[in-house]
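Encoded as structure tokens, the structure appears first; notes follow it.
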Amino acid sequence: MKALDELTFDNRFARLGDAFSAHVLPEPIDNPRLVVASPAALALLDLDPAMADTQEFAELFGGHKLWADAEPRAMVYSGHQFGGYTPQLGDGRGLLLGEVYNAAGEHWDLHLKGAGQTPFSRMGDGRAVLRSSIREFLASEALHALNIPSSRAACVIGSDTPVWREKQERAAMVLRLAPSHIRFGHFEYFYYTKRPEQQKLLGEHVLAMHYPECLEQPEPYLAMFREIVERNAELIAKWQAYGFCHGVMNTDNMSILGITFDFGPFAFLDDFDANFICNHSDDQGRYSFSNQVPVGQWNLSTLAQALTPLISVEALRETLGLYLPLFQAHYLDLMRRRLGFTTAEDDDQMLLEQLLQLMQNSGVDYTLFFRRLGEESAEQAVARLRDDFVDIKGFDAWGERYVARVARDGATDQEQRRARMHAVNPLYILRNYLAQKAIDAAEQGDYSEVRRLHAVLSNPFEEQPGMESYAERPPEWGKHLEISCSS
């Protein structure tokens, strides 16, 4: 393990030049203190988690100090927001401190969110509030624990610095880790500003840093785009399988590595609702749960357009056509496992669609249904779960087909079935009301609940004694929390 002052930085993105980012120093927050830290994320930097409790740690990630070899940069990019193109966005409140290599040879971007104003703040104050910082921290680490690709969050640093949103709140900073912070919007920016040299330089950087295997292909940029399509298809399949609704799938929030990025008004489904809208600001439901699949393809098409100086239109169109089949294959594979199947049958998709429609009509808890489905034999589970459905006759008919399908699957050992299903069906997810309870306590200076919730969510598949309340259905008030883009 390293001491904090032993971290060494590389700044390869900064070396691309001022056309790509601006040099900005963090603006410190008043009286910085640790709210919560992720030992697993800190380990990616070879840091001892015990260091998080030191004042030096709070001052470093509260903007008061800086490593000598760090070169903080605010990145410039553009993007399509709710379907419309915005010519210039960029890091309006966050700074890329640089890259750190760990003992395993991995490189991790360190990005300090809430670090103050930048040239891209667009009239904003450059700050992040404690509320949104806690939500990003919890979501990042919860998704990782669910095996859903995501940026990581190493810590949240709180402060006494006042900021105004709908009311006065307090500023905080999040240390975000990711192999890259390059977004679809980076390529869009140089495409729409007609700067092909910078576009090519960015492409060369991404190939060398993140897709070196594509350099061996006859058409490296096309191979890179195919990888991006495949990764995003798999990512969104996992979102859909686990009921995660991102809320703001603008192209500036889409990662070229296919990881979940930029957490705002996200939510996990409580009751299954294919039309669920988690973003209170999304009046038209563009980013509803069911729309995430086509929006993912639409976003990839905007990236494809931006890559036309590097790749032929015909090749881009053909590669983009792989998205839906790839999504469907990944999604069905995940859902078969969630249903306890070890084999594939042609009618599995129909069986799944019938189940989801029954769940939608009855308001069945999405996470708990699948968890309970694996608690007992198929026959016993179906008999126990039927009372959750309004259309009992319809569920009974589905249950007969499901039990027959399980029998054909041939995996008869119940203990093995239980272990197999529990390994993919979480007991604990980040429900909005749990996050809100942790935020309410933290805003009063009590960080124990956010730390406890983080610990529970770090091990979502294993039953944790004494933590039964974290696996319950939400109270009625918890189902109707309005989350907006305000952060």
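Placement of Cβ uses the backbone N, Cα and C atoms for every residue, glycine included.
What Swiss-Prot annotates here:
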- D252: active site, proton acceptor (ACT_SITE)
- G90, G92, R93, K113, D125, G126, R176, R183, D262: ATP binding site (BINDING)
- N253, D262: Mg(2+) binding site (BINDING)
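Structure coloured by features recorded in Swiss-Prot.
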residue : record                       : CB count, 10 Å
G90     : ATP binding site             : 22
R93     : ATP binding site             : 22
D125    : ATP binding site             : 17
R176    : ATP binding site             : 26
D252    : active site, proton acceptor : 22
N253    : Mg(2+) binding site          : 21
D262    : ATP binding site             : 22
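Spatially, by CA atoms, the binding-site residues G90, R176, D262 include one closest to N253 (Mg(2+) binding site), and that is D262. Cα of D252 (active site, proton acceptor) to Cα of G90 (ATP binding site): a span of 8 Å.
Under the DSSP three-state reduction, D125 (ATP binding site) is assigned to coil, being neither helix nor strand. Largest CA to CA distance in the ATP binding set (G90, G92, R93, K113, D125, G126, R176, R183, D262): 23 Å, whole number. Classification of R93 (ATP binding site) by DSSP places it in coil, neither helical nor stranded.
The secondary structure of D262 (ATP binding site), as reduced to three states from DSSP, is coil rather than helix or strand.
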